[in-house]
Amino acid sequence: NCIGEQVPCDENDPRCCSGLVVLKKTLHGIWIKSSYCYKCK
């Protein structure tokens, strides 16, 4: 079971699906506490 794109995940144990990378999400320059899985660009 892997975590899909733009889904919150644990940065220490992300389990993102293949081809995805863990990124910290920003909102108007403010770091949101959770990490998300995103596609590599």
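Using the three backbone atoms N, Cα and C, a Cβ is placed for every residue, glycine included.
All protein chains included, CYS2 (disulfide bond) registers 12 other Cβ atoms within 10 Å of its own Cβ. Annotation comment: Swiss-Prot describes CYS2-CYS16 (among others) as disulfide bond, evidence class similarity to another entry.
Per Swiss-Prot, the feature disulfide bond maps to CYS9-CYS37 (among others). According to DSSP, CYS9 (disulfide bond) is assigned to a strand segment.
Cβ neighbours within 10 Å of CYS17 (disulfide bond), excluding its own Cβ and spanning all shown chains: 14. What Swiss-Prot records for CYS17-CYS40 (among others) is disulfide bond.
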By CA-CA distance, flag whichever of CYS9, CYS17, CYS37 among the disulfide-bonded residues is nearest to CYS2 (disulfide bond). CYS17
